[in-house]
Structures are given as C-alpha cells and as structure tokens.
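*Asks:* Features from TrEMBL:
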| type | residues | note |
| --- | --- | --- |
| COMPBIAS | 536-546 | compositional bias 'Polar residues' |
| DOMAIN | 60-128 | domain 'RL' |
| DOMAIN | 183-320 | domain 'Poly(A) RNA polymerase mitochondrial-like central palm' |
| DOMAIN | 416-459 | domain 'PAP-associated' |
| REGION | 517-557 | region 'Disordered' |
C-alpha cells in the first residue's frame, strides 16, 4: 500500500508478551465510540432497552445466540494511534465485506471489526503471522486478537484522517448533576447516562468469544456465555464481565470443576493475549477464575456450568423488557445506594446491586394494579418447551414475551421512586422476607437482618451477608429520601439556580443531604404542625400540643 498504509497484521507473541506484562488489576472504565458503525444509530439503545425496541421482544436465548454468532465474525485489532481509518478498512475489506466497526481506547487504540461472514475472519487470520522465538512452544489456537503495524509510519498524516473515538464512560458527578438539574425526566436521563451502549455489549460478547477460543483448544465444543449485568438489561458502564464455561458433556461431574478451572486458568495465563492478574479462587461456593482483560478494559470472572446464574439473568431480562419504567427505577435506586455507600464493589456486609434489583421488582409486583407479574405467574404461562429443571431446582417460566399481558398501571416514575422509599422505609424487615416468586411478604425463616429469597434456589437468602447496621442505614435513608421527594418545593428551579432538586437532591453526598434535609424540613414541618393543631379541639392544652408536635415529626423521619 501507499505511505501510511497498513503494512502488517500479526498475532501477538504470547509468551514474550507474558514476560513483559505487569499483572495488575484494571480500575479504568471502557472508552468506546459509537459513530463509525454503519448500522448503529445515534441513540445508543442497549439490549432490550424498552417496550418498543424490537430486540426486547426476542427471547433471551435468541438474543444470546445472535450475539455469539456476531462475535464469532469479529476480530479485535490493536492499532497505532495514527492509523488512517479509510485505508485500514480498505485493507481489511480484501478479506471480505465489513458489517460493522468501531474504535475505542483501553491501554492503546483498538478496533472491533465485524465481517459479514466468518470465512473472512479465517482469511484474515491466514494472512497474519506470529513472531517466533526459539523458546516459544507451539500455540494451540489462532487468536482473533491481532496487532497492526504501519508502513512508513514516521511520515505525517493529516489528523482528520485518524480513527476517531468517542468516550463512553459514565458521566462525572458534576456532569450528572448538571443533567439532572435542568431536565424534567430525571430517572430516564440517569438511565441513558449509565446503561451499556451497543458497542459495549458487542465488546463484552467478543471478549467471551476470544476466551472461548482458548478454552476450546483443550475442551472442543465448549461455549463461554456472558451472564449477569452484561446481558440482563441492568448492566452499568464499567461493570464486571461475568461469564461461565458451558461443558454439557460433563455437567453432572461437579468433582471436576476445580480441575477444569485450573487448566483453563493456566491456558489463559500463558496463552491469553492481554489477560493479566489471573487468580484461581477454587475454594468458594462457586469456584471461579478472576483476571483482567486489558484490551477490552473488563475485569472478568469465569465459572464452570453456572446454569442457574444464566437462568437468573434470563428472568431479569424478561422483567427489564416488560415495562420501560423497570430499568429506569432500578438504575436510580442503585445510583442512590452507591452515592450513600449502601453498596460497594468490595465484598462485605453491604447490600448488593442484585438485592436492590430484586427489591425493586418485588415493589413493582406489589403495586395496584401490579406493574410486574410474580414468578409463579410466569411459571403458569409456561408450556412444555419452557420446562427447565437445573440441579433439582424448578427454573420454569414463560420465555415468550408476547405471552405476558402488559400492565395497566400508569403511575409515573417520579411517583414510583417516592413510593419505593416510602414502602421500604416502613417495611417490617424484622419479621418479613421478600419473595418475588409469590410477590408477597412472608415470615422470615431465620434471623438474617435482610432476607430476600433466591427465586430458584428457594432455600437460599441472596442478601445473607447484609448486616443489621447497613439495613438500618438503608431504612433511615429511604425515609429521609421519601420525605424530601414529598415536599412542595421539589419543583424544578429556574435555569439560573444551582440548587439541586428531585432525584439530584437524593444523590448528594451523605453530609450534604443531611444539611439539605435539616434546612428544608424546618418550614414545611412547622406548617404541618400548625395544620394539625388547628384541627384539635380548643380544649387541648399547651403541653398536649407539644406532644402531638413531636409525634408528627417522628412520623416523618
């Protein structure tokens, strides 16, 4: 090619690369553009983003199969920063038509390129070479993670010809407050700012596919599926990538799980380009491998035959696809919880995002009329094709979204957020448990502070590790948040005002919200007391007035 053109594609030299890599965890988020792909719209809608989205009406299994096929026709290419995008695409097009592509940054510039046919990937791989060293053993697979070298890269290239990338990180706190202060639809605005983009979803499935290439060299026919936040419609930009190795032929031989994970761990550690910090956590209830995939920017957890977890992801996918309010409410509650340190990325006694998601689902089942059906209702709509028994647990529910009748509930998101805080601020956690299978409060089977029944493994509590102090903090904050949202002065301020309002007020740091709460309570509370006193008989004494005043205040806190 001409000067500045693409000169050479190589597969990364695995062992020499391994010796030079510093094994460290990744704390940065993915920077991912979305403007160069021909069939990606300007509005970045995630998987099953809303009731009008065509993808949302597809079965979960159909979406996963389509994403997997899409990933198998895709390559990941590490590029020089001064790559010429047009010449880059022209060079790759020699191997077949390109269906989609985009650039992003994570430890350098990378391109995700999807061909229209898998044969094009094979052709491209056959045209690459692997730098060899005398000490390198035979590599057991052909990686689709490639490295691009330019010819005559020392010459200058017009900057407008460079590949363009757009950041796809969640907004900073300052930017988020600016957005929420001047937009009426605060909850949907927050959802759009934090949800996974189309490009991010594609990259997650591609990363699973690249790891599957490594595992398949030793376990032919295996499949690696993403699960949890990456596929259940509730994923946030920057969340971990959870995946499991599906080995149907040895699914019942649990004794081999640790051995399999140990072998795969060695393969990833030695043959996995861009995989660093591999940890084998084999003594956990669910053994796993943990590692960082630097090229994608994801922190990855890999388990074996975790079918129930995938079924839970499918259930959440259905709930998130049934009503557009579900995801917006979940994202707002989880963002609120994180702002007040109720949740954490570090394991401990915090309330988990999964627990909060189930609490929102339960709350929406309790509305009148219900916004979401119970799991038992979904089970009653299932047919023989939907029947699913995993490890002795009945995981059956209808998978066809068209069979589920839409809710007639028309409550606004703002009202639902207020009612969520009101409901759980007064929930009898000391005696009742949360059960989305039946959609009703039940007596707790044990003394755990917070008891949320696992929807499939019904003898388990998904919030077992939550402490009494964290639960009490949640209750106190829920009551305060409900009170703030109920105030008449919550209306949107003028454009010149910098005073937070509505949801933005709830996302203030803990110290700031306490100050705002104390300032805002004074006037409205006196008015409430005054109204109460006016309704009392004239014979009421001054002391009884004080008593009633205290009762009114304590009811609101």
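Glycine too: its Cβ is placed from the backbone N, Cα and C atoms.
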*Asks:* What counts of helix, strand and coil residues does DSSP assign across the domain 'Poly(A) RNA polymerase mitochondrial-like central palm' (183-320)?
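*Replies:* Computed counts for the domain 'Poly(A) RNA polymerase mitochondrial-like central palm' (183-320) are 66 helix, 33 strand, 39 coil.
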*Asks:* DSSP helix, strand and coil counts for the domain 'PAP-associated' (416-459)?
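*Replies:* Residue counts for the domain 'PAP-associated' (416-459) by secondary structure: 10 helix, 7 strand, 27 coil.
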*Asks:* Across the domain 'RL' (60-128), what does the mean pLDDT come to, as a whole number?
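*Replies:* Overall, the domain 'RL' (60-128) comes to a mean pLDDT of 94.
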*Asks:* What does the DSSP secondary structure composition of the domain 'RL' (60-128) look like, as residue counts for helix, strand and coil?
*Replies:* 33 helix, 22 strand, 14 coil
